[in-house]
Amino acid sequence: MDAPAVAEPSAQSQQNPAPTTTTAPAAATSTTTKPVHSLVIDANVIIKNDPSVSTLIAQAEELYTIPSVVSEIRDEATRLRFQTTLMPFLKFRTPRPESIKFVTDFARRTGDLMVLSKPDIHLIALTYDLECERNGGDWRLRKEPGQKSVNGAPPAKEGEEKEATTEEKNDAAPVTEEKTEEVKQVEEQLEKLDIGSQEQETTPAPEEEEEEEEENDGEASDDDGEWITPTNIKKVQARESAHVAPEPLQKTLQAALITSDMAMRNVSLRINLNLLDSAFARITVLKTWVLRCHGCWKVCKDTTKQFCPSCGQPTLTRVSCTTDAAGNFTLHLKKNFQFNNRGNVYSIPKPTHGTASGKNQNVKGGGKGGWGKELILAEDQKEYIRRTEEEKRTRYRDLMDDDYLPGILTGQRQGGTGNNRIKVGAGRNVNAKKRR
């Protein structure tokens, strides 16, 4: 017997195969075995080379940055190392304008906008874009700095959505039939009942009414939540902690940002973006220092300020603060903190004026030792503006200058928090407490 003939596919079907319909998933599925899929790199990581290029490639599937980061690398050796080792593995991308506006508004509410540069905002916005793309939206992020919970629940998969819709359609018909039958039965029972006898049977006694009112009052007081007793304190604590509980850590981070800038870390952590340090450990609690005005109680994130940006007074004190994974910003104040009252015993002496002829050259003025001369009391004072301009001119020193000597030889102490700052107020003057 001859073998049955097998129909061969025609040439037209081979050239034009049947089109297949594909739908985009709600969230990108990661098949990588690395801890991070999309990693955004800041300029300080590239300049310090910490972590190394091999560590970045081994820990992350894709490396991202913005084009303006390259302009921040000014050292020739660092630029050459970056172009030969890391640049072939980097993907340059610009964030969307909507994300830049969101990060700018968020940083303005947290008070970090004054210390964030334009590349810093763009890096956070790029991380925000990648987070929304990889996770199918901003459901695990926050829109406001004081928001206790995230924006929403994770999106359901396509298979689960189809199963849910089919189950609802199948259950809709029997449910409606059961409801119509119940309505008919209730109507028949109401027609048979006698309304007069029903009222006599259902009227409660006066004692029963009083008991029901007391029970209702007790339930209303419990629902208000105003009173906390030893019996319900655990329930109240569990209810409050449920609102601020941080999200469980992901096994594979879809998008993350690695930086050493404290302001960038603070804004990213309050948005709930994934943060990494140089050891690729996830940052969940951030401790830093801010300035707090004890005159108007405002917080200033710029630690170089000597005057409060809100009230203009030299009343800024250095305070430690923390930001946790739930986005809570906490100031840690001292219990027995005492303000510095120096300079409040005697009034400031009157200033002395000079003359064109120079007759009053021997008149020093300004109190004992001249402590009241050229006092700096405000930020817009001409003495303060002149001192800041002088410091800007002397800050840059040419190391190749023949007349330049290091500070260890000249005795001039450079750096430090209080040595090179402009003296504001009287300081240690005649009002200070004398030693006996």
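Glycine too: its Cβ is placed from the backbone N, Cα and C atoms.
Automated prediction, rather than curation, is the source of TrEMBL annotations.
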Given ranges 347-376, 407-436, the stretch to which TrEMBL attaches the annotation region 'Disordered': 407-436
Neighbour count (Cβ, 10 Å) for Cys296 (Zn(2+) binding site): 13
Sparsest-packed of the listed binding-site residues (Cys293, Cys311) - C-beta count within 10 angstroms: Cys311
Listed in sequence order, residues with CB under 8 A of Cys308 (Zn(2+) binding site) and six or more positions away: Cys293, Gly295, Cys296, Lys298, Cys300, Pro314, Thr315, Leu316
Across the domain 'Nin one binding (NOB1) Zn-ribbon-like' (283-354), average pLDDT on the 0 to 100 scale: 83
Residues of the domain 'Nin one binding (NOB1) Zn-ribbon-like' (283-354) by DSSP state, where helix covers H, G and I: 0 helix, 22 strand, 50 coil
Zn(2+) site, defined by Cys293, Cys296, Cys308, Cys311: further same-chain residues with Cβ within 8 Å of the Cβ centre: Gly295, Trp297, Lys298, Pro309, Ser310, Gly312, Gln313, Thr315, Leu316
